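**Student:** Before we start, here is the structure in question, set down as structure tokens.
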Amino acid sequence: MCMPPLAADAVTSTSTTTTSRVVATVRASACTGRSRNKTIPFKRPADVLGKSRSSDGTDTDINDKNQNSHSCFARIQSILFMASASALHFAGFEFARSGTIALFTSSKTGFASASASPLSTICMTPFSILVLWLYTKSLERWGPWKCLNISTVLFALLLASSAGILRTLEILMDNSTDFDEGRGVQVLQRLAQTTIFSLNVAQSSFVQLLYTQHWSFIGSVSKEWEGATVWFAPIAGLGSIASTLAALGVQPVIQRWGLTGSLGISSIFLLSSGCAADVAYRIANRHCFEPSRKEDTGNHSNKRQDVHSHSASLVETSRRLFSRVPILVNLCIEVLTCQSVSSVINFLFLLKVKECIPNDQQRASWTATWYARINFFSGVLQFGVLPLLMKHWKSKSDNNNGNSNQQHKVWLVMPMFMMASATLMSYQTEHLSLLLVTVSFALYKTLEYSVRGVAVEMVYVNLDYESRFFGKEVIGLFVDRLGKSSTAVVLSLVPYHFGDTESLDKAFVQALSVGSLVWLAASYPLANPKRKDKMQ
């Protein structure tokens, strides 16, 4: 039967429309209906587009193989771009940290009192809660991609504006020494102290916020088996190399543009980091593996969490998450004890540096030089030692049929080294030398940047979206700052009870010894996780 031309056109149009809708539906399902790091392939007939039959009669989809290879290459690209963003972030932080420390302890714009540093640490906790609340709202509304862009730009603007304000105040103070019998200079100095105090408080929270967002993306995109043996240590090593090179450039920058110039350079590095992170998310979005709440949450599936996530409060959401993922509770306890030890060794380091190096620019250059050494040795551990150690422990675990994961033993390394360092300092009965305190501080920072960074990411890589993007920020921003702030409250009272420097040094060494022992006990559950925790 012959069909009229008009009817034939209608059928052809209908067929074309139906086909396009099917193709669009399949493409949409490939991006949305996926489990973690996988897409649902579209099964086509053997006689359509790239299906060949092998000698044993098995169909082979050439396009699926090509698509998987392109997806794997895109995933590697996105990881490398985000690793570059993290490295640029740490390079910028080196300039910001050296300038901030020197300005904070400066006799001209900073604080001469020993209690100013603990007070600043105490204020970090309420500010971190505010940042965490804003981050949670932004994450729920815009997702991790836009949230990272916003937080990066805000931090860059904070550094640039602080540099401009402090530079202006320095110029005014230099040109108004006789203004109003010196009271004008005091007002300008109070404004400078307020600016640098606020920058010191905000900088710590923003650095942790951006760092955890970078690693949350890397942990989401990486395969579970790749973390400890392939990506984590080299990526952390890349950050150490960038920090080392930046620390070596701090002294020339300070000599040319001053301490405020280092803050301006830091903001430029941060904007570059934001551009690299944006490219990483664009690649992930284009190839349908962008981290999102829609992804499969694995064994942590809770069908009601998406319904309540937008309406639940920050406390209620945290309570549900930590009750659902018990290993995060163990990590919280470890972070509290670790940051308590960090506060003690950091406060002792700042006191010794201020006491022995009174000149601001010399102190900033000296601190930057030691941070360059710290980052160099961290890079050596991350590139050379840790990957080999992880592979050895992994093969040892495989030989034991996976009954004991030897890789988790890395949690015990750091507190044991700090216990040995505190014991060595306790044998020095006379006045503590700057070199001994600095070496102990460098040992802690080296292990924190290398060993502990890899150990933490080993925990998060097996967890779900909410644990990686929300729980990680709760621990990194709130719990981390809570450990430092609670210790800082005690440290701020110590100088008033110990008049002489020798007694003060002994008190800090004793606190470091006790804190390291408690830290070792808190790390044991993470070093020996229960089987149900490892299956999470």
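The backbone N, Cα and C atoms fix where each Cβ goes, and this holds for glycine too.
According to TrEMBL, the transmembrane segment annotation covers 72-91, 111-135, 147-166, 230-250, 327-350, 370-389, 410-427, 507-527.
Each of the listed features needs to be described in terms of its position in the shown structure.
**Tutor:** Long-range contacts of the transmembrane segment (111-135) within its own chain (CB-CB distance under 8 A, at least 6 residues past either end) are made by residues 104-105, 147, 151, 193, 197, 200-202, 204-206, 208-209, 314, 343, 347, 350-351, 473-474, 477-478, 480-482, 484-485, 487-489, 491-492, 495.
Away from its own ends, the transmembrane segment (147-166) comes close to residues 96, 103, 109, 135, 138-139, 191-192, 195-196, 198-199, 202-203, 206-207, 209-210, 213-214, 217, 259-261, 263-264, 266-268, 270-271, 273-274, 277-278, 281 of its chain (Cβ-Cβ under 8 Å, at least six residues beyond either end).
Long-range Cβ contacts of the transmembrane segment (370-389) within its own chain (Cβ-Cβ under 8 Å, at least 6 residues beyond either end) map to 94, 97-98, 229, 233-234, 236-237, 240-241, 243-244, 247-248, 410, 438, 441-442, 445-446, 449-451, 454.
Non-local neighbours of the transmembrane segment (507-527) in the same chain are 327, 330-331, 333-334, 336-338, 340-341, 344-345, 347-348, 408-412, 414-416, 418-419, 421-423, 425-426, 432, 455, 459, 494, 498; each lies 6+ residues outside the stretch with a CB under 8 Å from one of its CB atoms.
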**Student:** With a Cβ cut-off under 8 Å, give me the same-chain residues at least six positions beyond the ends of the transmembrane segment (230-250) that come close to it.
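**Tutor:** Answer is 79, 83-84, 86-95, 98-99, 218, 222, 262, 269, 364-365, 368-369, 371-372, 375-376, 378-379, 381-383, 386-387, 390, 449-450, 453-454, 457-458, 461.
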**Student:** For the transmembrane segment (327-350), give me same-chain residues lying six or more residues beyond its boundaries with a C-beta closer than 8 angstroms to one of its C-beta atoms, as numbers and ranges.
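**Tutor:** Hits for the transmembrane segment (327-350): 101, 105, 117-118, 121, 321, 411, 414-415, 418, 432, 437-438, 440-441, 444, 448, 452, 456, 459, 463, 467, 471, 475, 479-484, 486-488, 491, 505, 508, 511-512, 515-516, 518-519, 522-523, 525-526, 529, 533, 536.
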